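Per TrEMBL, active site, acyl-thioester intermediate is recorded for B:Cys167. Summarising the annotation, TrEMBL assigns active site, proton acceptor to B:His280. Taken from TrEMBL, the feature domain 'Semialdehyde dehydrogenase NAD-binding' covers B:38-154.
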2 protein chains.
Amino acid sequence: MQAAAAVHRPHLLAPSPLRGRTRRPSTVRMALREDGPSVAIVGATGAVGQEFLRVIAARDFPYRSLRLLASERSAGKRIAFEDREYTVEDLAAPGVFEGIDIALFSAGGGVSRTHARTAVASGAVVVDNSSAFRMDPEVPLVIPEVNPEAMANVRLGKGAIVANPNCSTIICLMAVTPLHRQAKVLRMVVSTYQAASGAGAAAMEELKLQTQEVLAGKAPTCNIFSQQYAFNIFSHNAPILENGYNEEEMKLVKETRKIWNDKDVRVTATCIRVPTMRAHGESVNLQFEKPLDEDTAREILRAAPGLTISDDRASNRFPTPLEVSDKDEVSVGRIRQDLSQEDNRGLDIFVCGDQIRKGAALNAVQIAEMLLK
Amino acid sequence: MQAAAAVHRPHLLAPSPLRGRTRRPSTVRMALREDGPSVAIVGATGAVGQEFLRVIAARDFPYRSLRLLASERSAGKRIAFEDREYTVEDLAAPGVFEGIDIALFSAGGGVSRTHARTAVASGAVVVDNSSAFRMDPEVPLVIPEVNPEAMANVRLGKGAIVANPNCSTIICLMAVTPLHRQAKVLRMVVSTYQAASGAGAAAMEELKLQTQEVLAGKAPTCNIFSQQYAFNIFSHNAPILENGYNEEEMKLVKETRKIWNDKDVRVTATCIRVPTMRAHGESVNLQFEKPLDEDTAREILRAAPGLTISDDRASNRFPTPLEVSDKDEVSVGRIRQDLSQEDNRGLDIFVCGDQIRKGAALNAVQIAEMLLK
């Protein structure tokens, strides 16, 4: 039995079955084995925590032992995973990180700030999905397909923190980095179409509930968001900073610079929530230093890891959040020369990626896999 | 009794009552009166056609007589409007435009191409909401708040065509033009969040039906659109041209140049449908010739006609499609200096406007009002 059964996953939006790993043969059960690391999952009952389990199972990520941690409120819950049953433990209990090799954190910035250093002191490598340490100059911020070199000094058995970038950054840079390597991005204008899942499982539930209510002519329940989300869009609910950008937008600006190790790249972003469940869309306008025609761009994207191309002009089929839901790959399409820039120095693209999968859990597990090589 | 009762308007998405005209006193009933023009509405049973009636009533647009025209299929239908009952007539019947002063067309490009010249030959001024004549150099393309001067040679009693711009263009330029006048826009990058209504009343029905079906775990009905729209977004369904842009995007590019009478302005756009009912959102990035700081921009926008500002950073309240539904004004917010441009030469803004109202019917009726001055 897999964790899938325990995951909150409205059937309405999960048309595709759990994808198996496609790049390695899956005939041998590799997951639970003596030579694997001991793994802890912090925030095991959340949307991303549950996805960690699905991804570990799907990729046969090896583990010697598994410890599921969450807040005191969730402690005692039982979660079935790969033929065993686990009891969720209180992450604040003393000694929970003893003997842990890899701790996958996804329980919010506050939990990471309070508990990640404890795990590190126990010798664990923490892969942190929160924003707590992303801009810490001592902490690598990693998308394995983009900047694996940032992990050079991280070793299993030597406590460390590695940060998982924000979902919007991961999905954007999966498609933009291969183009950047070819023609150098000078400036990037991003507008996002973000799903409910970024605000957690309860937000997905609220979108579903609100939609039922609105269709029934009732006032929508607004607990997670302060306004109607069903049949509506709104500026991302992250706090607005003094410069007028919200925190979600500034993550795209700052994380791109850090991941590319390029202080000069100019990024602006407008982040908007749309009533979709678990995958983000992003409209990306690019300005390049060197010319890059769209055919070359398409070839580069076709060869890039972790990407699929969905760019069928004749039948008007391009990436959608629904089609990338539950998929590992980020989908890119609407690849076209930007008419507003000269000499093939601009491109417009549209990308979609599963926010919970590659935007969070998969990327973190891929980071953990790099530690095993 | 007003036309409102006859309009397809899902209660779920019409929280606000019909807005009365706010700028003129409405104590005197002005609409049906002897010194008004005789008016024909072509496409009277469609979403925009019905909105024409609502707008005429709300603004007390004067008319001596009213003729409701539609395809043969709808001929014979009865529509109650302002204490009278009208029978819808076949627009292809001979002589239907005899004696008509103003004909408001919104029945698609094909109908306009076939019948608009007949109305003009009868001496009518056609205000055409389709794309048929927008790029015709002989036809003014008008947003009354933006380029009223383009109407200089159009006179009541002298047959002519005036084109209503595309909804996305109107909503965008309502907010951008005042800034353009101050600092000259050199380049504009637009990403849209477009509602179902742009594809007509049947598309709004399909979105509602699909949402009910998906919530019930059923496969969604796809008649109007070729894929699931409920809880999904997709690239605008307009045909893709050879340059990779779709027709909707090229309307923004070309219409902006014509309306501003500026062949050099550089525009790129990515048009995306989101599951909202009747109002569009647009994320707009602007590059200016002259510096323009955000406080000045805010003052300019505050003083501009037909706009409201929704830009409350402290409470994270900005324009939403739901809040502008059934409203005349375009709402603008997220006004901020673009971090990716130097010397205050860039701004990011987010606009929302009712696609059926200002994006179509209201703008056309405003054009008709200019003929009465």
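Each position is counted from 1, following the chain as shown.
Glycine residues also receive a Cβ, built from the backbone N, Cα and C atoms like all the rest.
Any TrEMBL annotation is an automated prediction that lacks curation.
The CA atom of B:Cys167 (active site, acyl-thioester intermediate) is located 8 Å away from the CA atom of B:His280 (active site, proton acceptor).
On the 0 to 100 pLDDT scale, the model's mean across the domain 'Semialdehyde dehydrogenase NAD-binding' (B:38-154) is 97.
Non-local neighbourhood of the residue listed as 'active site, proton acceptor': B:Cys167, B:Ser168, B:Ile171, B:Thr192, B:Tyr193, B:Gln194, B:Ala195, B:Gly198, B:Pro321, B:Cys352, B:Gly353, B:Gln355, B:Gly359, each in the same chain, at least six residues away, with C-beta under 8 Å from its C-beta. Around the Cβ of B:Cys167 (active site, acyl-thioester intermediate), 28 further Cβ atoms fall within 10 Å across all displayed protein chains.
DSSP assignment over the domain 'Semialdehyde dehydrogenase NAD-binding' (B:38-154) gives 29 helix, 31 strand, 57 coil.
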